[in-house]
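As written in TrEMBL, here are the features:
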type: DOMAIN; residues: A:20-539; note: domain 'Cytochrome oxidase subunit I profile'
type: TRANSMEM; residues: A:39-63; note: transmembrane segment
type: TRANSMEM; residues: A:83-104; note: transmembrane segment
type: TRANSMEM; residues: A:116-135; note: transmembrane segment
type: TRANSMEM; residues: A:171-197; note: transmembrane segment
type: TRANSMEM; residues: A:209-235; note: transmembrane segment
type: TRANSMEM; residues: A:255-280; note: transmembrane segment
type: TRANSMEM; residues: A:292-316; note: transmembrane segment
type: TRANSMEM; residues: A:328-350; note: transmembrane segment
type: TRANSMEM; residues: A:362-382; note: transmembrane segment
type: TRANSMEM; residues: A:402-422; note: transmembrane segment
type: TRANSMEM; residues: A:434-459; note: transmembrane segment
type: TRANSMEM; residues: A:479-504; note: transmembrane segment
Amino acid sequence: MATTTAVDLTSQTKPKKLLLQVAHDWLTTVDHKKIGIMYIVYALVFLVIAGFMAMLIRIQLAVPNNHFLSPQVFNRLFTMHGTTMVFFVGMPILFGFGNYLIPLMIGARDMAFPRLNAFSFWISAFGGILLYYSYVGGSGLYGAGSAPDVSWWAYAPLTEKVFSPGHSTDYWTFSILLSGIGTTGTAINIVATILSMRCKGMTMTRLPLLPWIYLVTSFLVFVAVSPLTAAQIMITIDRYLGAHFFDTQAGGSAILWFHFFWIFGHPEVYILVMPAFGFMNEIIPVFSRKAIFGYPAMVAATVSIGFISLSVWAHHMFIDGLGAGGNIFFTAATMVISVPTGIKIFNWLATMWGGKIQFKTPMLFATGFLFQFLGAGLTGIVLSSAPMDWQLNNTYFVVAHFHYVLVGAILFALFAAFYYWYPKMTGRMLSERLGKWHFWLFVIGFHLTFDLMHVPGILGMPRRIYTYEAGRGWDSWNMLVSAGGFIQAIATVIFVVNMVWAFYRGRVAGPDPWDAWTLEWATTSPPPDYNFAVPPSISSRRPLWDLKHPEDVDSHYEY
Amino acid sequence: MVTGLWAMPDFAAHWMTLRTISSLTLAAWRFLPPLASLSPTNMLDPAGTPARSIFNLTWFVGGLVLGIFVVVGGLLTFIVLRYRGRATDDNIEPTQIYGSNQIELSWTVIPILLVFMLFLTTARVILGTERIPKPAGALDVAVIGHQFWWEYRYPSLGVVTANELHVPVSDPAHPTPTYLNTSSADVTHNFSVPRLAGRIDVIPNRVNTIWIDPQAAGLYLGQCAQYCGTQHAKMLLRVYADSPADFSAWIQHQQAPAADPSTLSPQQLEGKSVFEHNACANCHTVKGTSAQGKFGPDLTHMGSRDTLGSGAFANNRQNLHQWIDNPDSLKPGALMPPMHLNEKDLNAVTEYLTTLR
């Protein structure tokens, strides 16, 4: 029954509606599923753009003394690459999945505030468009316009009017401000949805781990994004109304900006990585055919990571002369966060232990996540030790470390999520064969790029330099790193091809292609408007397990 | 007799293999290039006390992290291989396990102990670097970061120079470390010479101090490591560690006035006049002349420097000529404007500047 519905939805609706009608449907929608998909598509477009920028950066750095790009073009590229990836790929793609999945997983019909949801999406999207409009603003397309060139953390006083005349910094400020407003709106919405819209029987202790994580992450968003928004307003007041918050020429403080930025910036890392943990919590159990190991510990670890992440920001400032006291405090706080993170890794391993692990594409990417997140965590421990950071901060070791987190962990988790939930969103399965090509090429490219990138860092290569002279021992490493980057780009192209192909030609998925256990698999693929014909009611953490195994229901074992 | 999984492996039988592997490893190590040849900015090749104490910490932190990686990564590999689904599997779901307080407690407590160990070791190095008394023989140098060059002032010796820092070699028996009191004239920069010490941000309205004590004479390289604008990439650092005798000779030379005008040729005198009557003098100082600008590097003894443009290119007549004519062609984004001099004036100024030794 459900299978035919899925076919009907893809085969009947499309030819009948005019393109204009379809566009109108999407542009005016307040349905959480459509908004979720729009977030994801918008993030993917920016992923491709920012990825293309990364390739230009890697061409420039492949050999010493390269004249492929001028310093100004290069500085704009790394600024736009970083800003785009954090604010217009990472945040929207994670909120996209959250938007799509949370109401389904908690058995609700929509988000708590559907109109706020649409508003949040459109204002964030406008922020992204404004950022790229900077390329045609100012001195125009051929002069590369007013694209910002102040790096993604836009350290004052470099962003003050004296050192950054023109409008490049304003484009950066306003686009971040807009996306921040959208992000805060979505966070409020997610908290309200999870707290008030859960279906009958879904107590907080039966809430699936992915919504749990989104709940903690959304609280983190309020606390972290507000200082960033405040800082954007303050720098704008400095630039246009002559205040001196960060204007050092008039006695303002540069350190103040560092604090503002990193009070946002460090929790931001966890805002990005925690949803990735959430995907793992859903995918690893299903493909290991086991219940998640230690549900209460996973929730406790999530909450404690949320709290601790608010007290570690100054580890980005070990080289700013905090003094021994500050360095010791922030070293300790940063190291402590490895404990709850470790608990999560070990609990995932325990979930896989004794299972029958099915290495379908989502699980391949999940396994890649585990290996790389382990590596990312361990290089993080190296950097958490202040004296090590004195040598490695602002080198390619740091660049390698955070790409290990952002690409090796988050992007792998996202790929896993794509292969896992794409059938739910479109009613079609992605190709396993292309998926495996995608996985293996990406793994090879990833390790070639980011493993080797640690080495020039140890050999003293600073980040954000458009060129370097020969004889520093960095040449061959950079060449190999660039080669790895291109392998990743090829893998990404395969992924995009797979998605487009599967949308038209993929195998029909049916409601529950992975034999999974949470509520989103209890409705058709794609789900109808308002998700469930009859609002579900549950009595354990894995309602579909109970249906499939009435002799051995889950609720007997919950603690 | 214990058998099966818990039996001791037969080390004797494996001894030959182990010995072959270990001697091959040692042999390979011998063929590796020395650390110094990998890079002149290699943190694993320390040449001073602060860098060396970080280097010692590196072995501890690196070893610990590598150990964790081998254990956890090995466990993960084992699980992936051992519990992967097989075509011959039946359709029965594996036994469901929901958790275990004892096991979870163990992988909470052990990491806490490891973190504690790591923290104490780190704290020792932080205190050992940041909280030690300043020795009597210490030299103070003010380091001022500019877009995109370095200014060095020796307040006690009355010397001002740029881009090439000279410090005395420090003998561990009678340490003469150099204290670098950094500050910035414009945006945030970063002073980083990895073989001598960890890096420090150079921040406007703030003095951050680090100390270095190079223990062998020579040239130590580094560069600005905090993005500071268009030419961040070529804001290079050169630290010359001189023997005590060489250092006092260098200081004496720097304290001397600029070239005596009476020894200059007519063309060089012409160049001096062009220099002093054009915008050059607004930004540059040549001691003993009317040029007293502060925005650019002090040029009193620029001829004695090896490089120009903050280490970007060699100091020779041809580069100097091109630099004055069009700075952007050598260092795009440098803040020195093109001087638009005619060929005759350009040559004269170039000739004059070469006399400033």
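Using the three backbone atoms N, Cα and C, a Cβ is placed for every residue, glycine included.
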Long-range Cβ contacts under 8 Å made by the transmembrane segment (A:116-135), restricted to residues 6 or more beyond its ends, are 29-30, 32, 35, 38-39, 42, 46, 49, 80, 83-84, 87-88, 91-92, 99, 141, 144-148, 167-168, 171-172, 174-179, 181-183, 185-186, 188-189
Long-range Cβ contacts under 8 Å made by the transmembrane segment (A:209-235), restricted to residues 6 or more beyond its ends, are 98, 101-102, 105-106, 154, 156, 159-160, 169, 173-174, 176-177, 180-181, 183-184, 186-188, 190-191, 194-195, 243, 245-246, 257, 260-261, 263-264, 267-268, 270-271, 274-275, 277-279, 281-282, 292, 295, 298-299, 302-303, 305-306, 309-310
With the cut-off at Cβ under 8 Å and a gap of six or more residues from its ends, the chain residues touching the transmembrane segment (A:255-280) are 86, 90-91, 94, 97-98, 153-157, 209-214, 216-217, 220-221, 223-225, 227-228, 230-231, 234-235, 245-246, 302, 305-306, 309-310, 312-317, 320, 344, 348, 366, 369-370, 402, 405-406, 409-410, 413-414, 416-417, 420
Lying 6 or more residues past either end of the transmembrane segment (A:328-350) yet within Cβ distance under 8 Å of it, the residues of that chain are 277, 280, 284, 292-294, 297-298, 300-302, 304-305, 308-309, 311-315, 317-318, 322, 370, 373-374, 377, 380-381, 384-386
Counting only residues at least 6 beyond its ends, the same-chain positions whose CB falls under 8 A of a CB in the transmembrane segment (A:479-504) are 44, 47-48, 51, 54-55, 58-59, 61-63, 407, 415, 418, 422, 426, 428-431, 434-435, 437-439, 441-442, 444-450, 452-453, 456
